[in-house]
Amino acid sequence: MSRLVSPHELLSHSTSGSHTAPLLSQKIFAKCHQARLHSIMRVSSARIELRKAHIEIDGVSVVTQPDLLPVPQNARTWNTLHLGGYWIAEAFGISQYQVASTALAAGLSPGAAIGAVFFGHFLVCTLLNSPTSVSESRLTALACAANGWIGTRHGINFPVLARISFGVYGNLVAIMCRAVAAIVWFGTQTFQGGQCVEVMLRAIFPSFKHFPNRLPPSAHVTSSQLLSFFIFYLIQLPLLWVHISRLRHLFMLKVVLMPIFGFALFGWAVGRAHGFGPIFSQPTQVAGAPAVVVFFSAMTSAIAPKATLALNICDFTRFAKSPTAVIWTNILSLSIPVTLCAILGVVVTSATQVIYGVSTWNPLQVCELWDNRAAQFFAAFCWGLAVLATNISAKWVLLLTYMRSCLFSDDEFSSTAVGNDLTVLFPRFVDIRRGQYICAILGLATCPWIIQNSATSFTAFLAGYSIFLGPICGILLADFFIYRRKRVDILSLYQRETSLYWYTYGVNPRAIVAFLLALVPNLPGFAARVNRNIKVPVGATYVFALVWPIGVIVGAVCYLAFTWVWPPIKRQRGYDSPPQSIMSQDDLPK
């Protein structure tokens, strides 16, 4: 009969008198690596079925897929510069350039709008870290600190981490909430990249401006835009073959190029306009709502795209060499650059109004106002590189790898699949590379040019999508830091019925109910944000201004209440005084 193994049994590996043992995740990975060498790959004539890693550690049988294994220490190659490059890849982009436009349109002054952007991103970046990873302090960051801590210390990704709170099958709820945003964002970001390609083609071939349009107005896209979109789309496809751990060089290219380009654009705007232009002289003139509500609403809109990364940050921190390479890098390398990019957007928009008499928040339209075709090409190339790095780093890697991790696919467990034949095939036939290509197809199927045509509703939806992400963050936080007190049984993450996280048929009903209840306070405001014709009480719109923090708090409180009133069966068996099979922070080598 299977049993849980103590960390002393799993970590009883010492050499030449040293008492320092490897991490439990490292031992599991070593066993998995050995199992790979002896495992049998079932291969059809098309070689489409993937291998499984069969692991047996002291009588405990585990079957999993290689992509889901903990990352060993020797494979963690990202240092501070590489992580900083990743965040700059997120911070410098067209979306961040335009992030202050909504706040200014709502009546905030430029200073207040930029303050909302900085405060929101500083909050989210702080939430990506945990002080406990480098000190004994009991102060913990809010929301998804658990993700970065576990990702760095144990090398596991978000789909595996979600099994702790939601169960080995219940993690599908968290995964799908994250994946839907990834698909939609991928499509729209690719369309932005296509617009960059269109500007570059016009700079090289001026006649491309007169490219004949064969599409009707109902298509919401011109022939030149569609051609440019597919060119950018095809450029991205080969990069999908590169593993995420090796993409640090792409981020380093952006680290060097984008700040130089940003400062050059800033200097051009201030020099040509002889100052910062008229926008910076605008005072706060808010109508219809208190200024503080508008400020928090602007902050929520600014951080909504990064709220997704607050969930799956461990997908990237698992490749970091140490927790110290993550903490301040996460906090400073995103909040400061994204604020600088927002300032750049305000300054260039204001200067363009002075220089050309045109007010536009689209940096590509600003490029086309220039007389120098070389400058047009270089600027569009930089913005296109920004979109490319963002798409690859934050969107494509996620979807089908998550789908693949939701279910187990080994023969020993197939009898309990309850007829889910199609979904069981995903982890057997889809690895991280194949998943990215499938995600690319799904992103294309969203027809992003149609979504962009209704930009108001689309922007409102993306800003409000954190209604689903906040509760998940709160549940993960409460479960890991408060209920489990930072203790994780890594081996159970790769088991089923014998797992501590099996709960009720693989689903933790406490997490599901807490997630649903946390949606209730924000639902009226979310409905009004998506559809302006829906009338809701004014107070509901004020509550929705803090949609993400409210979701985090309500989700955490509800989950803790359910676990204390209705504790999981494993806790009743002694989880309060954890058996040695539970790995705590004290078990880790100092």
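Going from the start of the chain as shown, residues are counted 1 onward.
Cβ coordinates come from backbone N, Cα and C, glycine included.
Unlike curated records, TrEMBL annotations are generated automatically.
Values in this document were obtained by computation on a predicted structure and should not be read as measured data.
Per TrEMBL, transmembrane segment is recorded for 226-244, 251-271, 291-314, 326-356, 376-398, 435-452, 458-482, 502-520, 540-566.
The transmembrane segment (540-566) makes contact with the transmembrane segment (291-314): 3 or more of their CB pairs lie within 8 A, with pairs spaced 6 or more apart in sequence. Simply put, out of 226-244, 251-271, 291-314, 326-356, 502-520, 226-244 has the most Cβ pairs sitting under 8 Å from the transmembrane segment (435-452). Sequence-distant contacts of the transmembrane segment (502-520) (same chain, six or more residues past either end, CB-CB distance under 8 Å): 165-170, 173, 467-468, 470-472, 474-475, 479, 495-496, 551, 554-555, 558-559, 562-563, 566, 568.
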